[in-house]
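Novice: Below are the features I grabbed from Swiss-Prot:
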type     : residues : note
TRANSMEM : 24-44    : transmembrane segment
TRANSMEM : 58-78    : transmembrane segment
TRANSMEM : 96-116   : transmembrane segment
TRANSMEM : 126-146  : transmembrane segment
TRANSMEM : 155-175  : transmembrane segment
TRANSMEM : 180-200  : transmembrane segment
TRANSMEM : 214-234  : transmembrane segment
TRANSMEM : 267-287  : transmembrane segment
TRANSMEM : 300-320  : transmembrane segment
TRANSMEM : 336-356  : transmembrane segment
TRANSMEM : 370-390  : transmembrane segment
Amino acid sequence: MSGPSRTQRPMSPLRAFFHHETSAGLVLMACALAAIAVANSPLAPGYFATLHAYAGPLSVQHWVNDGLMAVFFLLVGLEIKREILTGQLATWGKRTLPGVAAVGGMAIPGIVYVMLNLNNPDALRGWAIPAATDIAFALGVMSLLGSRVPSSLKIFLAALAIIDDLGAVIIIAIFYTANINVATLLGAVFVFGILRSLCAANFQDLRIYLALGAVLWVLLLVSGVHATLAGVLLALTIPITTASATPDPSRQTAPLHRLESLLHAPVAFAILPIFGFANAGVSFASITPAIMTDTLAVGVAAGLLIGKVVGIFGAVALMVRLRLAELPTHATWLQVLGVAFLCGIGFTMSLFIGLLAFEDPHMQDRVKYGILAGSLLAGVLGYGILRIAGRRAL
């Protein structure tokens, strides 16, 4: 039997990806509902006190949002790198349709939000909140439909969401970075340079990469750049090829694939559920009918529910009409519409951007109302449309 190729990866990575993402979506959904229930129960004071309690230099909530989510962004970065180099986004032809759809699905929600908040300057900083898609939630809902949805549509949704994640990372880096400490930022650049050099030399020891990644995280945290970006930067430096010759069987799989395989379960079943439980809790005790006219909450909900659909479905329709792309194999227009609605589930990344955009707890709560309402409606409508479309296809 011939030895492993230099780009060998674990068996069925796409199947493993869908398995983890769909299961993670269901677990995340349960934790989000649990957080809402606790926040509206007699346990609420203890819940919020625990989140705001300090453990060392950061509060518990900050450790979750800045620390654990850096690991989530590391996994996101690994998935983006893998898909661009060897996967569903490896050629421009494969990138075109989900790429254009992702751009439309980020731009139009932002425009919808801004239009509704033109007279509310304080709220404009949240323009990017409805631009995000939660791939775990979206694939989790899609998994409930089983064989009613063609696999090509699942791949399209995954590719679209991965590009969407890349866009969200860029937005966070550019628009949601605080005052910069130049000295520590230069230190972070130096560490990143070391990581790039190790990658260029195809250095295989993940322990060294992770140790330097931890140093990079600390430097970015102190510098004012959001520390979670350390995860993405580290991912860019993890080699995707194996050493030309290694007697160690554990090293016959590329470091990127080893690390991605190692992180999938902890991120899916620990980090994302913890994030959801720590951030989805919002009290409805003070909610009034006035929330229906609150442009911040309505802007987020409308961006997710209307902006995503118009942006994604419109972009796909334009590309197909201009004969620049074709619909995913065996997919119908009604199914594409259903996927566009599912992309309006913006939970994890939308919450994350909302917390970066606003420090005022009251504004954060209004953002959460909008995210919950928009994501719930988008998920229900997307599921319903795909279920109807699946019956027609049978």
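Going from the start of the chain as shown, residues are counted 1 onward.
Cβ from N, Cα, C; glycine included.
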Novice: Going through 58-78, 96-116, 155-175, 180-200 one by one, which has the most CB pairs that fall under 8 Å from the transmembrane segment (300-320)?
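Specialist: The listed stretch sharing the most Cβ pairs with the transmembrane segment (300-320) is 96-116.
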Novice: Considering only Cβ pairs within less than 8 angstroms, which of the stretches 24-44, 126-146, 155-175, 180-200 has the most against the transmembrane segment (58-78)?
Specialist: 155-175
Novice: If contact means at least 3 Cβ pairs within less than 8 Å, sequence distance 6 or more, would you call the transmembrane segment (24-44) and the transmembrane segment (267-287) in contact?
Specialist: yes
Novice: So what's near the transmembrane segment (267-287) in sequence-distant terms, Cβ-Cβ under 8 Å and 6+ beyond its ends?
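Specialist: Contacts of the transmembrane segment (267-287) (Cβ under 8 Å, skipping residues fewer than 6 from its ends): 20-21, 23-24, 27-28, 30-32, 34-36, 38-40, 44, 47-48, 51, 60-61, 64-65, 68-69, 71-72, 75, 136, 347-348, 351-352, 355, 365, 368-369, 372.
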Novice: Might you confirm whether the transmembrane segment (336-356) is in contact with the transmembrane segment (126-146), defined here as three or more C-beta pairs under 8 A between residues 6 or more apart in sequence?
Specialist: yes
Novice: Please work out whether the transmembrane segment (214-234) lies in contact with the transmembrane segment (155-175), by counting C-beta pairs under 8 angstroms that are 6 or more apart in sequence and asking whether there are at least 3.
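Specialist: Result for the transmembrane segment (214-234) with the transmembrane segment (155-175) is yes.
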